[in-house]
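Trainee: Pasting a structure here, questions to come.
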Ligand SMILES: Cc1cc2nc3c(=O)[nH]c(=O)nc-3n(C[C@H](O)[C@H](O)[C@H](O)COP(=O)(O)OP(=O)(O)OC[C@H]3O[C@@H](n4cnc5c(N)ncnc54)[C@H](O)[C@@H]3O)c2cc1C
Ligand SMILES: C[S@@+](CC[C@H](N)C(=O)[O-])C[C@H]1O[C@@H](n2cnc3c(N)ncnc32)[C@H](O)[C@@H]1O
């Protein structure tokens, strides 16, 4: 360390003492007047006047207040060791501006997530599930999977894995607003910056000769803070920056984390449909072009996720509603091929080498999903892709959710992995605080990475395998695929571990 | 191993040494299990010489300072906050030893361990604080911290670094020794000297000073390296020569204390050791954890008689 810097730092250190006094006064004032803990930082100028030189640094800046970013905020706000943290949430999404009131009679949104029992219990732990329950949601305890060749089908039950439910289908906006409402009901110190991140500097260049006019700047120059610049021209400092800004993460790019990934030349068409009876089960059928899933949403609505090539997707989006409803009913019933054989005896012989109990109980027999009567939302098409960041963490930066890994919507696992990240990161931050660590320290953040990477990579490999196995029409090889179904149907331990993993338990599939 | 230790310690006195109940019984893999290599860099481990420790026979009986030791630290002082530099082991051990401090001090001072700043209201002195690696977390945990070190260079670095965060800028750093603080009649709720006693000239006098700084009913915590075959292999041969974690010559094996010796000299200074734990390094994860194995690195928590 050279002399000049040393002297500058000494001056800065003195400054720090002065600014502390300032800050104390400010906090006192804020407490006295604070009716709600949320501050919307539209008044940057005011801020600048009160601190001529000292920009108040945050403990954590969460870039991206989507479902995963909000889950982190919620977990931090409700954990004894972290609830005192001073957190900034940066997102221009207007949903964060004020309490959005979702009415039960609002038409269902096509963007839904299938949350796993593991996610549900995390939501319960932080007290957010009760808010979800005030809105439309649909639990399901049964999943039927079959394919168009008519050779095989399988059914998964929650009771097979000693659970009450396999999952719950909830609109994304409900999950988001539930987490947000939960945070609002605590006295967590958070500041929402309705803006977007444009620049981030973590390691100021050594040539930076800016006269450190404030202690904050000095801390930054010394790598004790990260500096963020926002599209509204303001800037802020934080000990830790969390990238929760989705698949196209700016934080990831600015931090220089590399990614691997690929696109499948397939799209998912997503929409909400209505039935005349309540749908109680989750359904998935593999068609020559890819799978179609029908997920119960409650109030006689279901969500459709239908994978196909981009041309078909474009057609599906543009065809008239009646034709689309017909196409959906066709795809979920006799289209492309017969129902799987109700008499399984022949195939039971065929697969006897798989062992297991071949007696099928009555309610285990093949069922046809309820008919769709009406389209209930716009149709949206998304390209399928898989993306994984090679690093999740470095000094003062960490990625969670889609910023670290984006998976195709096929198995509805995307946001569950993200919630897993958010809650794990919150726990690890709490562990660091318990032993007085600087929360931006790389050794702490690498602990989070070491915990989450294997879980995410495993799930991605499974989803990739699914995709490969079912996106191609194997012709005669379909019999193998059918065999796999039968295998899954009859070999309980195997089936159990598949469901366990898909329902968010930590155990590795197939190897447990 | 553990029970042998307790009997051995029991032979010295009747220590009410409780094993930390939170410790995992399964100690993590040891760093090295082989014996020291044939050409020992320092004194041969087969006949531990006694002269290194019996410094009280030396000419400077009132000072715990050892010039040679201080020169070693002075040479590497700039790298205190480089977590992969010469002080890497201290950085890596930090969460583990702070977890020990958190659990022992919270229990002793009846503090709520579930809050972010459980040490609020406790006056703690970090003796031999170096660059402040331990002082800063203690301050974040709410303690009113005084950090002292015999080296001006260390104190300057500690001060600069702590000044960068308002929470740690409250630490009072002072270039002085434990003896001098005793003369100034300073007293603390907890006196902590981690990885220092192996560098002082007279451990007995040093412990007396630590005790004099501790309020009756307060706590004294010391961590150091055991004088065992294993410590010779790991702390010196491995850490200094093979892994180059520490500059060669950082440690003098002969001046290490065994847990029995430490318990004894602390007891003579009116400190009763109540808990002891070992630190073991897991080369696979690169992390340290608390364990029952005190054969290399260990930490002792004691309380001062009185009141
Ligand atoms: C069609 C489709 C269907 C899906 N279906 C399912 C499903 O059924 N089940 C499931 O679990 N998952 C599903 N997923 C995946 C799931 O939606 C995502 O995993 C989830 O939304 C990720 O949440 P996130 O908070 O990480 O990111 P996002 O939801 O992408 O949120 C990112 C946030 O960051 C903000 N932001 C972005 N850039 C910046 C910036 N520079 N500055 C400030 N803010 C910024 C954005 O405004 C946004 O609010 C699906 C995904 C798609 C595309
Ligand atoms: C191995 S370092 C330990 C630093 C710190 N306690 C930690 O564990 O992170 C030993 C420190 O003790 C200091 N020291 C050595 N002898 C001392 C003495 N007699 N009095 C005060 N400090 C001493 C050295 O300057 C050095 O900074």
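Any Cβ shown, glycine's included, is placed from N, Cα and C.
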Trainee: According to TrEMBL, B:97, B:128, B:194 bind S-adenosyl-L-methionine; which of B:67, B:149, B:165 is also listed for that site?
Mentor: B:149
Trainee: Reported as an integer number of Å, what is the Cα distance between residue B:198 (Mg(2+) binding site) and residue B:97 (S-adenosyl-L-methionine binding site)?
Mentor: 17
Trainee: Hey, of B:97, B:128, B:149, which of those binding-site residues are within 10 Å of residue B:195 (Mg(2+) binding site), Cα to Cα?
Mentor: B:128
Trainee: Whole-number Å distance between the CA of residue B:97 (S-adenosyl-L-methionine binding site) and the CA of residue B:199 (Mg(2+) binding site)?
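Mentor: Counting only the Cα atoms, the answer is 19 Å.
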Trainee: Return the count of C-beta atoms lying within 10 angstroms of the C-beta of residue B:199 (Mg(2+) binding site), excluding that atom itself.
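Mentor: I count 23 other Cβ atoms within 10 Å of it.
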Trainee: List the residues in the vicinity of the Mg(2+) site, defined as same-chain residues other than B:195, B:198, B:199 with C-beta within 8 angstroms of the site's C-beta centre.
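Mentor: For the Mg(2+) site, the extra neighbours are B:69, B:128, B:196, B:197, B:200, B:224, B:225, B:251.
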Trainee: Out of the binding-site residues I have (B:97, B:128, B:194, B:199), which ones have their Cβ sitting under 6 Å from ligand 2?
Mentor: B:128, B:194, B:199
Trainee: Hey, of the binding-site residues listed (B:149, B:195, B:198), which one tops the CB count within 10 A?
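Mentor: Output for this query is B:149.
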Trainee: Between the Cα atoms of residue B:199 (Mg(2+) binding site) and residue B:128 (S-adenosyl-L-methionine binding site), find the distance and write it as a whole number of Å.
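Mentor: Cα to Cα, residue B:199 (Mg(2+) binding site) and residue B:128 (S-adenosyl-L-methionine binding site) are separated by 10 Å.
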